[in-house]
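**Q** The structure under discussion is supplied below as structure tokens; questions concerning it will follow.
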Ligand SMILES: Cc1cc2nc3c(=O)[nH]c(=O)nc-3n(C[C@H](O)[C@H](O)[C@H](O)COP(=O)(O)OP(=O)(O)OC[C@H]3O[C@@H](n4cnc5c(N)ncnc54)[C@H](O)[C@@H]3O)c2cc1C
């Protein structure tokens, strides 16, 4: 195809960050403060990124309210990951945690306070003292609006540092040159429909998760997996995509999240007999066991007929015993959500809840500097020059097969900052931009041409909704071979169907139908990666629970999955079991 790059407007930056959530804005702050020329693209106004919805807290072993240290935090994270997390990256994160939280405090983040002025910390699932002995208070919180406080603090600091925001700009595809180096992105200005090439010496993906490949999700509508889609189309594999976290407490029927902080403050789960069933499944941590464990226990109760309501399809989250004062002070938004979405006042009645898709543990493979790494010539971690990924779209991997609550906000800030520091050290100012390849914009322009040229076909939302339905039905809390195989077939069928969608509205100005059609290409890449990796992994580990393979199989499966879109093929790479300075935590049976 003839080169079309020269027709497009181009702009040059030292660094282009795609995504203005917690990870993107923590990275951009580091770069802008070091004097680099940084552009941050976002589909929505920065403070509307999904990070704003985070409720419960950010984990750090400050030890303000009960004795704590980073080593216990590391143990909990490795065990929580069901031994699939890379222990070097986990040590790095847990050691950095107190430092990055104090830094946020000094940026002005409005944490809740104890009477002695220190940061308030609440217990959270899977976080323990002394290697699992009892729950510890590690979640630093700003009421139940921690993400809101974090994101606004970071946005304001970025405005001060003169970060340049491209608001309502959608990145479409990466630009990779002949050598495989990343030299920028092609993006669409949603207001005008114009396409531009943004050249960069460092391109950083901070595009968040893809929770919208599921029908019932706690995620924002913009979480369509664009980073994963762009990476997959550029030949980069996606790591551990079979591991998706079901949050135990989504409002039944609505999907809106009720933070684990409710249980951290003392809330408990009940079945239809009024029984606190978690005592049976996790005698030590009870309702504060990790999320994979609690979600499966809830599902088991429902399956065995002890669910609540006319359809016996949910359980109850009781918190009235905490008293109106605690609820109004520590959990004000939860009360509002319960009133609006479940029509109950939690000061008086329990909230109906059900496990709901919440978080992807997998993503674009990186090291703990945020550099994207891929297998090449026998090396399983060859750096892709010029490309970085941070936040939920990245797989470092600190969460392995199951993430502990509060460890995501932590991951955003730790790796947002670490990648920023690493990029600053590359002295980008002294380096020239690499030349754009002749076919720089061919892929995104051909995608747009397909959409703009359509004259008949299916509606985008019909295909997108079918993806969500099929993923939900074939790849849920409990999985099994036949169901997964059927699901893979259906998703591959949808992969063909999405090539023939029809968008009626051909206008350019703020055409959201066009944007949704572009997002569909990303939904399908993420869905394929998820269900194909899940079908292949014949064991149960963390959030990936197989009815037909109920045990964890350490002999065969302590390895990361890698999904390649081209040929829909899988590969694997070893887990890094070696921490930076301490001894390996050897796999053990997980009990709580
Ligand atoms: C309801 C809820 C509550 C949560 N509570 C907690 C909690 O208490 N503690 C915790 O640790 N974790 C929590 N999590 C998880 C955590 O909040 C997320 O994992 C995290 O905020 C993701 O941040 P991010 O920076 O990776 O991306 P996001 O905050 O999701 O931001 C993604 C950014 O990428 C942009 N973007 C995406 N695609 C494109 C594109 N193609 N072009 C341009 N821009 C693009 C978006 O506009 C946005 O700015 C919660 C999650 C949810 C959904």
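Positions of Cβ are set from backbone N, Cα and C atoms, glycine also.
According to TrEMBL, the protein carries these features:
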- 291: active site, proton acceptor (ACT_SITE)
- 19-24, 42-57, 226, 392, 408-409: FAD binding site (BINDING)
- 247, 259, 358, 403: substrate binding site (BINDING)
- 14-409: domain 'FAD-dependent oxidoreductase 2 FAD-binding' (DOMAIN)
- 50: tele-8alpha-FAD histidine (MOD_RES)
**Q** Using only the Cα atoms of 247, 259, 358, 403, which the record gives as binding substrate, return the largest interatomic distance in Å, rounded to a whole number.
**A** 14
**Q** Note down the number of other Cβ atoms within 10 Å of the Cβ of residue 19 (FAD binding site), including every protein chain shown.
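**A** There are 31 such Cβ atoms around residue 19 (FAD binding site).
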**Q** Relative to the Cα of residue 259 (substrate binding site), which of the binding-site residues 23, 56, 408 have a Cα no more than 10 Å away?
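**A** Qualifying among 23, 56, 408: 56.
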**Q** Pick out which of the recorded positions 247, 291, 403 has the most other Cβ atoms within 10 Å of its own Cβ.
**A** 403
**Q** Could you state the whole-number distance in Å separating the C-alpha atoms of residue 403 (substrate binding site) and residue 291 (active site, proton acceptor)?
**A** 8
**Q** Can you figure out which of 23, 50, 56, 291, 408 (the recorded positions) comes closest in space to residue 247 (substrate binding site), comparing Cα atoms?
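**A** Closest by Cα: 291.
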**Q** Write out, in the order they occur in the sequence, the residues of the chain not among 247, 259, 358, 403 that have a C-beta within 8 Å of the mean position of the C-beta atoms of the recorded substrate site.
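**A** Once 247, 259, 358, 403 are set aside, the remaining close residues are 218, 245, 248, 257, 260, 291, 359, 405.
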**Q** What is the number of other Cβ atoms found within 10 Å of the Cβ of residue 358 (substrate binding site)?
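**A** Summing over all protein chains shown, residue 358 (substrate binding site) has 26 other Cβ atoms within 10 Å.
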**Q** Count, for each of the recorded positions 48, 50, the other C-beta atoms lying within 10 angstroms of its own C-beta, and report the residue with the smallest count.
**A** 48
**Q** These are the binding-site residues: 23, 259, 408. Which one scores highest on other Cβ atoms within 10 Å?
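**A** That would be 23, with the highest Cβ count within 10 Å.
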**Q** How many other Cβ atoms sit within 10 Å of the Cβ of residue 52 (FAD binding site)?
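**A** Within a 10 Å radius of the Cβ of residue 52 (FAD binding site) lie 21 other Cβ atoms.
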**Q** Starting from the Cβ of residue 56 (FAD binding site), draw a 10 Å sphere and report how many other Cβ atoms land inside it.
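**A** 28, counting other Cβ atoms within 10 Å of residue 56 (FAD binding site).
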**Q** When DSSP is mapped onto helix/strand/coil, what comes out for residue 358 (substrate binding site)?
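**A** The residue in question, residue 358 (substrate binding site), is strand (DSSP, three-state).
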**Q** Residue 44 (FAD binding site): which of the recorded positions 50, 291, 358 is the nearest Cα neighbour?
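**A** Sorting the recorded positions by distance from residue 44 (FAD binding site), the top entry is 50.
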**Q** If I take the alpha carbons of residue 23 (FAD binding site) and residue 291 (active site, proton acceptor), what is the distance between them in whole Å?
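**A** Rounded to a whole number, the Cα-Cα distance is 23 Å.
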